[in-house]
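The UDP-N-acetyl-alpha-D-glucosamine binding site annotation in Swiss-Prot covers 14-17, 28, 86, 91-92, 115-117, 154, 169, 192, 250, 355, 373, 388, 399 and is backed by sequence analysis. Sequence annotations record features per position, and here Swiss-Prot assigns Mg(2+) binding site to 117, 250. As annotated by Swiss-Prot, active site, proton acceptor applies to 385, with the evidence given as sequence analysis. What Swiss-Prot lists as region 'Disordered' is 473-497. Summarising the annotation, Swiss-Prot assigns compositional bias 'Low complexity' to 480-490.
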């Protein structure tokens, strides 16, 4: 076996299927697992080969699918993409023929054909397919897998030299066994994945000649293998030990199975890199997430999108982070965060909701039952419990009391609250934006801050407490409160109020 270093001239990704068994208004290849659509995974694997050209063949919901593919290609840095349209002639042979037509007419070298609904195919396997194909001078190289149950798959039939003689479809193997009593073809467990490396010149010669004179009325790509052998070309194979690499998603159950397998692969990778995953069965990490060594993921953790978690951080239990950055040694528990930045040594949760634009500085804290949005919180600042901070800036080492909120919305526009450094706010303070509180200022419990507070000042609302002694026994006689008050020596005065 050769080293996987060859670069193909082109990769053709077949993405024209409708996917009716998904029973969805979303095209099959746009369904997602592990943070990417099915076709996104296929394009990423294809582009890992660094081909000169990459073609996606589309048909069903053409405009929507093509736009999605172009968006994914831009995200992956693919700069050699072409979109080809499949016409009314059905079959994989026709799809590849139209994909080939989108490539330069004088293209030489290796053309890889793969599928847009096979998300677990690895770059390493594709590279090995190309390398062996070119090193051995094959006309066609088939990617195969060996299954416990090969029902429904085309069987790999080999000649005396061990090369691929032909691919026998399952129904043909059954028919042969029924008519001859020979079930040797049915017993074959090595199957065709539908993924190939071809010589480009061979495809140009043979694809136009493929007939639709068959039961399905389709142009079968597998016919190229027989044509190659008729020309004296070598048809060989490369096998994968992981059968999940060649599994497609045709319905929701298969989509779920593939998602679970992909997640297991992702978690195994990160555990090898020094990440502790306490319970892999309840932990989900997208392929786009970045983790550092000595990160700990506790049960119920979900990490999505461009989330990154730095060394020594602990996430979970029961936390969902999307496009969120977590700093070194930070602790995030029972938190839902989207597009947030959590500084080193910071603490979040439990039961915390960080909305887009939340930036928590180093050593900061956002505690239980807090919601934040578009807020920058300085180093060492604390928002410990029961509050809302939105459209705000909070300075370093400020302590925000229990039940504080920034009243940022006047019914039409959002307004900003600025709270300085080393501020101390009393419980249930309301900041009616726009308002600024200077460094070192205090607010009293229950204060409604409607005007700017200078540095070092105390802001409180001057409402004196009024106490009506004996009110409960007089006004709520017969209640348990009245009985308790009388037992404590209170007398009902009949005071008004």
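Placed from the backbone N, Cα and C atoms, the Cβ positions cover glycine too.
Across the structure, residue 17 (UDP-N-acetyl-alpha-D-glucosamine binding site) and residue 385 (active site, proton acceptor) are spaced 52 Å apart at their Cα atoms. For residue 399 (UDP-N-acetyl-alpha-D-glucosamine binding site), the spatially nearest entry among the recorded positions 117, 250, 385 is 385, judged by CA separation.
When the binding-site residues 117, 169 are compared by the number of other CB atoms within 10 angstroms of each CB, 169 has the fewest. Note: the compositional bias 'Low complexity' (480-490) comprises 8 helix, 0 strand, 3 coil (DSSP; helix = H, G, I, strand = E, B). For the pair residue 91 (UDP-N-acetyl-alpha-D-glucosamine binding site) and residue 117 (Mg(2+) binding site), the Cα-Cα distance reads 16 Å.
Geometry remark: residue 355 (UDP-N-acetyl-alpha-D-glucosamine binding site) versus residue 250 (Mg(2+) binding site), CA distance 35 Å. The CA atom of residue 14 (UDP-N-acetyl-alpha-D-glucosamine binding site) is located 9 Å away from the CA atom of residue 117 (Mg(2+) binding site).
The DSSP secondary structure for the residue listed as 'active site, proton acceptor' is strand. The two recorded residues, residue 116 (UDP-N-acetyl-alpha-D-glucosamine binding site) and the residue listed as 'active site, proton acceptor', have Cα atoms 48 Å apart. The Cβ of residue 385 (active site, proton acceptor) lies under 8 Å from the Cβ of 367, 368, 369, 370, 402, 403, each of which sits 6+ residues away along the same chain. Each of the binding-site residues 17, 116 was scored by how many other Cβ atoms lie within 10 Å of its Cβ, and the smallest score goes to 17.
Here the CA atom of residue 169 (UDP-N-acetyl-alpha-D-glucosamine binding site) lies 21 Å from the CA atom of residue 117 (Mg(2+) binding site).
On a Cα basis, residue 169 (UDP-N-acetyl-alpha-D-glucosamine binding site) lies 19 Å away from residue 250 (Mg(2+) binding site). Classification of residue 399 (UDP-N-acetyl-alpha-D-glucosamine binding site) by DSSP places it within a strand. Packing around residue 91 (UDP-N-acetyl-alpha-D-glucosamine binding site) is summarised by its Cβ count: 20 other Cβ atoms lie within 10 angstroms of its Cβ, all protein chains included. Counting every protein chain shown, the number of other Cβ atoms lying within 10 Å of the Cβ of residue 399 (UDP-N-acetyl-alpha-D-glucosamine binding site) is 15.
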